[in-house]
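So the structure is just underneath, and the comments pick up after that.
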Amino acid sequence: SITDIVSEKDIDAALESVKAAGSFNYKIFFQKVGLAGKSAADAKKVFEILDRDKSGFIEQDELGLFLQNFRASARVLSDAETSAFLKAGDSDGDGKIGVEEFQALVKA
């Protein structure tokens with residue numbers, strides 16, 4: 001589970017920082033949740049949790065549910081937040097985020 005990789009306390013802080021609609025910033029979130037300093041292997045484990053359909057990619061609908069992977073009661077990202085997140089992570093322009101792209105995004 002995600003709490004094997006990041007702490008409940010850090011999840012609380014990260015979710016608190018994005019509670020307001022439109023406030024999601026992936027760089028701040030990854031820093032607050034403690035992922036920015038984790039290894040590529042840990043980032044890959046988180047990627048595998050986010051990739052709900054196990055396609056090997058995080059698609060736009062999965063990105064919308066991003067916060068709920070950290071806590072089921074968290075809000076859904078808005079379309080604008082989801083699009084910006086996808087654009088930031090999709091370096092090859094295929095409309096989805098692969099594992100290497102996610103690892104780079106976490107470190108950004």
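Glycine is no exception: its Cβ is also placed from the backbone N, Cα and C atoms.
Feature annotations, courtesy of Swiss-Prot:
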type    : residues                                 : note
BINDING : Asp51, Asp53, Ser55, Phe57, Glu59, Glu62 : Ca(2+) 1 binding site
BINDING : Asp90, Asp92, Asp94, Lys96, Glu101       : Ca(2+) 2 binding site
DOMAIN  : 38-73                                    : domain 'EF-hand 1'
DOMAIN  : 77-108                                   : domain 'EF-hand 2'
MOD_RES : Ser1                                     : N-acetylserine
(message) What does the structure give for the C-alpha distance between Asp94 (Ca(2+) 2 binding site) and Glu62 (Ca(2+) 1 binding site)? Integer Å is fine.
(response) 15
(request) Can you see whether DSSP assigns Phe57 (Ca(2+) 1 binding site) to helix, strand or coil? (result) strand
(message) Going by Cα-Cα distance, which of the recorded positions (Ser1, Asp53, Phe57, Glu59, Glu62) sits nearest to Glu101 (Ca(2+) 2 binding site)?
(response) Phe57
(request) Give the sequence-ordered list of residues that share a chain with Phe57 (Ca(2+) 1 binding site), lie 6 or more positions from it, and have CB atoms under 8 Å from its CB. (result) Asp51, Lys96, Ile97, Gly98
(message) If you compare CA-to-CA distances from Glu62 (Ca(2+) 1 binding site) to each of the recorded positions Ser1, Asp90, Asp92, which comes out shortest?
(response) Asp90
(request) Work out, from DSSP, the number of helix, strand and coil residues along the domain 'EF-hand 2' (77-108). (result) 20 helix, 2 strand, 10 coil
(message) Name them in sequence order: residues not among Asp90, Asp92, Asp94, Lys96, Glu101 whose Cβ is within 8 Å of the mean position of the Cβ atoms defining the Ca(2+) 2 site.
(response) Phe57, Gly89, Ser91, Gly93, Gly95, Ile97, Gly98
(request) Return the member of Ser1, Asp90, Asp92 nearest to Asp53 (Ca(2+) 1 binding site) in space, with distance defined Cα to Cα and candidates limited to these recorded positions. (result) Ser1
(request) Measuring CA to CA, name the entry from the recorded positions Ser1, Ser55, Glu59 that ends up nearest Asp90 (Ca(2+) 2 binding site). (result) Glu59
(message) Other residues near the Ca(2+) 1 site, CB within 8 A of the CB centroid of Asp51, Asp53, Ser55, Phe57, Glu59, Glu62?
(response) Leu50, Arg52, Lys54, Gly56, Ile58, Lys96
(request) Select one residue from Ser1, Ser55: among these recorded positions, choose the one with the most other Cβ atoms within 10 Å of its Cβ. (result) Ser55
(request) Calculate the distance in Å between the alpha carbons (Cα) of the residue listed as 'N-acetylserine' and Ser55 (Ca(2+) 1 binding site), and round it to a whole number. (result) 19
(request) Could you tell me which three-state DSSP class Asp51 (Ca(2+) 1 binding site) falls into? (result) coil
